[in-house]
């Protein structure tokens, strides 16, 4: 035993009594709890402080104005002096704007393309004159019957409403995009050009008119080649002489990116197809299940189809006469062939990032994504490429002759225009066909993706009434397929994609990304007004909705005016589409007249305009005496013009008018909203 042990065991303290504390731990705990509860009770009796109410701020408008001011200061900071505003419905106006803004670099200037919908145009336009050598270019497309495009509607309204605005000091020019087959050819571009001058702006180059019925690309190139020398002369600058390719985006390949952050076809928000949130529009389409997909025609080589899209739970509303926009995808066969011919792995995840870090447009399409997704969902690979694409790609042709021809086709020389017209447009060569027929041309796939235009939504007249089908939208379309001059079979992107949206019993539902575009093609407000509907072929689509709605109104006990239908097809036993529905509507008195022209069932061709002249007395009485509304849907180039001619002749014969008076009479009906057209070329 150690000394410590011995001491511990032998030494003993004297015993004393232990002192007891006044409060135990439990007492202290209970006392603290009681005090806390009393304090809480007194505090809770205090009246809450009055919080003053502030007027709710209009955040979108404030943000819009703030963005516009930031936009102005930003372009000042970046030294940009050429702003190209675009009004675009199908993407061509935007594409031309990007080309013009890119051109500016070759002339020692800095340009940018801008969507007028994203800015407060009064700030942008009025303050642009503060920048030295500044210029506003407007690429303005006309949509429908002389209307502005969706993204230019607010700008159009502002121009109309602000008579006192002073735009002196603003330099501008306008290139208009339109189609001569339409009644109001290039109306929007012409209006912007005239109105800016009225408000004091200075036009520095003549209005350009592009005609999509002819050769829109040629019109633009010709105008552009005269425009830039005029700009140089006006501002006293010289071209830099640099004709080399200018890349706008740089490639970044991703090797370890989480696939949940990769776009797989969404138009706007990532994963928007997995988690659907209204409202649904062009940047946030609804995935509508296909519930019906049936062939309409009984025979013949063509395929006419009727589809029904389920919009249950989407909160989407539509009216008879509206359009449904669908976002198609390219044929996987074409996409795979492009990958093979360019020797690339289509499943590599990439981003194309704008070299201008301050630009609003960070990527040409949603990124990051794969080449396969970009070529399938985002890029147009089926239309013949425009001349600027050929020019940019020419550098990658190893054969000098191919290089020369591509650059020639991109020029404005008569020989170059003729070659582009015959070899590209006439032969309907898309980018794949060009690569196949030019073995020396093998561009980098990322540059090709930068140059190709965006794949656009396709619009169809809705073939149903929401009064009868509130949760369903009907589409009537003909599948496009034709043989080209080179022996290839070209297929319409959207119609072939829709054709393959089959309805199955295995639980899988085919879906269509869609949204609604409102239209002015409306039944008369007064149900007693007669209506005359003229729509051969798939032009019958909106009238199926009109007929359903007039039938619904009758069922509601409403008085409904005469409802007259002029329909046309090739053969009664082949493509008399919706025959049962039309004959049932006539039997029930919904259609008071059903006139059908079978153009090829007899030696002499018979069209809708012939049946109109055959029924001229009834038509004239309905129009001239009974305040009838006329509706025309279908081909703009021939049918719509022939229908107007027939009405002019009826006006001459039964109205005692000259041809000029009859023409003016029909134009007045259009102005009053009694003659409406939903036509395409």
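Placement of Cβ uses the backbone N, Cα and C atoms for every residue, glycine included.
A TrEMBL annotation is a machine prediction, not a hand-curated record.
As the structure is a computational prediction, the values presented were derived from the model and not from experiment.
These come from TrEMBL:
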| type | residues | note |
| --- | --- | --- |
| BINDING | 88-93, 141-144, 177-186, 212 | FMN binding site |
| BINDING | 302, 538, 599, 600, 605, 606, 607, 608, 609, 642 | NADP(+) binding site |
| BINDING | 458, 459, 460, 461, 476, 477, 478, 482, 492, 493, 494, 495, 680 | FAD binding site |
| DOMAIN | 82-228 | domain 'Flavodoxin-like' |
| DOMAIN | 283-524 | domain 'FAD-binding FR-type' |
| TRANSMEM | 20-42 | transmembrane segment |
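Note: the domain 'Flavodoxin-like' (82-228) comprises 64 helix, 35 strand, 48 coil (DSSP; helix = H, G, I, strand = E, B).
Of all Cβ atoms in the shown protein chains, 17 besides its own fall within 10 Å of the Cβ of residue 302 (NADP(+) binding site). Put simply, 91 is the one of the binding-site residues 91, 144, 302, 599 whose Cα lies nearest to the Cα of residue 458 (FAD binding site). Residues listed for NADP(+), 302, 538, 599, 600, 605, 606, 607, 608, 609, 642, cover a largest CA to CA span of 24 Å. For residue 185 (FMN binding site), the number of other Cβ atoms no farther than 10 Å from its own Cβ, over all displayed protein chains, is 17. The full span of the recorded FAD binding residues, 458, 459, 460, 461, 476, 477, 478, 482, 492, 493, 494, 495, 680, taken as their largest Cα to Cα distance, is 23 Å. Taking all protein chains in view, 20 other C-beta atoms sit within 10 angstroms of the C-beta of residue 458 (FAD binding site). When Cα-Cα distances from residue 182 (FMN binding site) are compared across the binding-site residues 476, 599, 605, 607, 680, the shortest belongs to 680. The Cβ of residue 460 (FAD binding site) lies under 8 Å from the Cβ of 323, 324, 325, 326, 475, 476, 477, 541, each on the same chain and at least six residues away in sequence.
When pLDDT is averaged over the domain 'Flavodoxin-like' (82-228), the result is 92. Shown are the binding-site residues 88, 599, 609; of these, the residue with the fewest other Cβ atoms within 10 Å is 599.
For residue 179 (FMN binding site), the nearest neighbour among the listed binding-site residues (302, 494, 599), judged by C-alpha distance, is 494.
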